[in-house]
Amino acid sequence: MNPQAKLVFTISLLLGTTITISSNHWIMAWAGLEINTLAILPLISKSHHPRAIEAATKYFLVQATASTMVLFASMTNAWHTGQWDITQLTHPTSCLILTSAIAMKLGLVPFHFWFPEVLQGAPLTTGLLLATIMKFPPITLFFLTSPSLNPTLLTGMAILSTALGGWMGLNQTQIRKILAFSSIAHLGWMTIIISFDPKLTLLNFYLYSLMTAGTFLALNSIKALKLTTLMTAWTKAPSLNAMLFLTMLSLAGLPPLTGFLPKWLIIQELTKQSMAPAAVAISLLSLLGLFFYLRLAYCATITLPPHTTNHMKQWHTNKPTHTTVAILTTLSTMLLPISPMIPALL
């Protein structure tokens, strides 16, 4: 892709995100979402591969539908209450339509079907944008409208997302699809707490973005798209694979690492809200996710493939590991000690 064109699309992406997260009026938020969608489409389809074109088409159709529903929800609310302010969403029908629209934009169950397909068709760097930056504007709208939304509905969708994200990731061999289902499972954790403590949702999103960025950039450096490629990648960059191993364990939410922090705070808050059964359910369902993270980590660092003759070994290169990946891995593994400061920040 032409560097100037790429620059224009990247600036448009940042502009769309900034407009949505800083707007107070529904029309401005909708315009930001549309700019975002149109800016990412060329980045998804830049390889001109049929799968990439298919992914871009699916992404456009789903996002256009969701944006229309956002507009419809805001117009219904304005019709009944005379308010265009995002925080003044009070009409029950509007709240329901908006919940569906944002769930569709994020890829929450039952509107999750498009996300693994789109991520599978996109390059790893665009996949990183889809899993992190593109989810920020819808989560901001969730954050602003959270007092009006139905907590029971959100809790149900969150538990289903965690269950389905873990379950469907179990038998995947394509790394991008595994990361897509991981994203759906993490969105479940963010959604379950948004009615009770929206700032915890944002904290979870920031830490998830940090860990996912480390994972995607490490995979992009070793050019691994399938588990079989990952199995032989340790010969190419052993230190990078060790970093990938730690980031994967952090994404799984294992205790000494950063990924445990949001899960711990969310379980604590759910217990305070007398939602212990929901906390137990979502904790047990996250074990499904732990299985495939462990499988990825195991493939990345520990195993040799069973029939080594069938796989081409990668050349070992002494290229220095990318500084960004090193910084992101450090943050993805060592932020748990800041947890005493979190209540003051929230």
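In case you wondered, yes, glycine gets a Cβ from its N, Cα and C as well.
Quick caveat, the model's predicted, so the values are computed rather than measured.
Over in TrEMBL, the protein carries these features:
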{"type": "DOMAIN", "residues": "23-288", "note": "domain 'NADH:quinone oxidoreductase/Mrp antiporter transmembrane'"}
{"type": "TRANSMEM", "residues": "56-76", "note": "transmembrane segment"}
{"type": "TRANSMEM", "residues": "96-115", "note": "transmembrane segment"}
{"type": "TRANSMEM", "residues": "152-171", "note": "transmembrane segment"}
{"type": "TRANSMEM", "residues": "178-196", "note": "transmembrane segment"}
{"type": "TRANSMEM", "residues": "202-219", "note": "transmembrane segment"}
{"type": "TRANSMEM", "residues": "240-258", "note": "transmembrane segment"}
{"type": "TRANSMEM", "residues": "278-304", "note": "transmembrane segment"}
{"type": "DOMAIN", "residues": "290-342", "note": "domain 'NADH dehydrogenase subunit 2 C-terminal'"}
{"type": "TRANSMEM", "residues": "325-345", "note": "transmembrane segment"}
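With a threshold of 8 Å between CB atoms, the same-chain residues lying at least 6 positions outside the transmembrane segment (240-258) that come near it are 182, 186, 207-208, 210-212, 214-215, 218-219, 221-222, 233-234, 286, 289-290, 293-294, 296-297, 300-301, 321, 325-326, 328-329, 331-336. Between the transmembrane segment (96-115) and the transmembrane segment (178-196), the number of CB pairs under 8 angstroms, six or more residues apart, is three or more, so the stretches are in contact. Between the transmembrane segment (325-345) and the transmembrane segment (152-171), fewer than three CB pairs separated by 6 or more residues in sequence fall under 8 Å, so the two stretches do not touch. By the count of Cβ pairs under 8 Å, the stretch nearest in packing to the transmembrane segment (278-304) among 56-76, 152-171, 178-196, 202-219 is 152-171. Confidence for the domain 'NADH dehydrogenase subunit 2 C-terminal' (290-342), expressed as mean pLDDT, is 76.
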